[in-house]
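Below is one structure, written out as structure tokens; comments come after it.
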Amino acid sequence: MLATHGPSGKDIIGTKIDPEDMDTWRDDPESIEPSSGSAVSSTIQLDGETTGEGEGLEISKWRRHPSQNNIMLCGLNTRKGEYYYCHAFDHEAGGKLTTRYLGHGGSVDGFSASVNADPNVFLTWCSDGHARLYDVRHPLPVLTIASAKHLEPMPAAVLAHPDGIPYRSLIFTGTARSKCINLWDVRSRAMLYELATGNNCVEALAWDETSNSLYAATSCPHIDWNGRHLDYRPARIPKVRTGEDEDGEGDSEDNAEEDDIEEPSDDICWPKGAHHAEDHFGHVFDAGDHRLYKFKFKMDPDPNQLPYYGSASLSTGFW
């Protein structure tokens, strides 16, 4: 059992560090935790001799095997960055290699598994722009998903089983340039639909199996570190169509197109280089800042519960 700071929260773990030995530029060294920490209980050396790859390796990502507590899934890169591997190691046997999972064309950027629903599968996403679903008993992926029609980085993905049912396997994949979240059905091997992110890039995804909810951390590429919005234009907001509007005749195509758009405003804006048009998702929405989203999947959604529009405008700025 690892040592703790005790009931008082002030007990030293390991040995106490002398403040004079702290190499820091901070003005408040007295606020730095002086514990050296618990001693390492074991060390596993993952080198060419261990893996059979013939050269030193670096761990990019790792996580516990979904069904075996003594096995760790590891994404490994050669130090020169020329080769990429996904291996399973038995940490109770000194890091013995048990399985090689093949097919990665870049470094493994993350793992996802649904231990309670299906402990025999896991998902990886990779710097080559693909997510791969593996059966732990086979070395090759059973399903490979590209990030987009025109390949782009895939910053995050997550494996989900709604209501904990094993055969209802879904995969959410995030995109950087396309600025949306794609939902895939594993059984039909098809994309079901896109989720809007308000023109934000996906940074991370997490599935909450207790509430059937997806959490997405996103970043806005159209805002600088001072909070100023960049490269925006007035949004082209589609008008709500009525029966009287549809009965109009005699308008030219240009006039008809202009009549379908609300009067432009400098206070409701849209990124100039946005991947999607304003009406792509059926509801016009631009985040305008970094956001954490929650997508809740349920039988009786409230169509009036919509995300609030961002604050980006042509007049935003300090200067």
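We number each residue from 1, going along the chain as drawn.
Backbone N, Cα and C define each Cβ position, glycine as well.
Annotated compositional bias 'Basic and acidic residues' per TrEMBL: 17-29, in sequence order. In the compositional bias 'Basic and acidic residues' (17-29), the DSSP tally of helix, strand and coil residues is 4 helix, 0 strand, 9 coil.
Sequence-distant contacts of the compositional bias 'Polar residues' (33-45) (same chain, six or more residues past either end, CB-CB distance under 8 Å): 2-3, 5, 12-17, 19, 89, 91, 94-95. Look at TrEMBL and you will find 33-45 tagged as compositional bias 'Polar residues'.
Annotated compositional bias 'Acidic residues' per TrEMBL: 244-266, in sequence order.
Sequence annotations record features per position, and here TrEMBL assigns region 'Disordered' to 1-54 (among others).
As annotated by TrEMBL, region 'Disordered' applies to 236-269 (among others).
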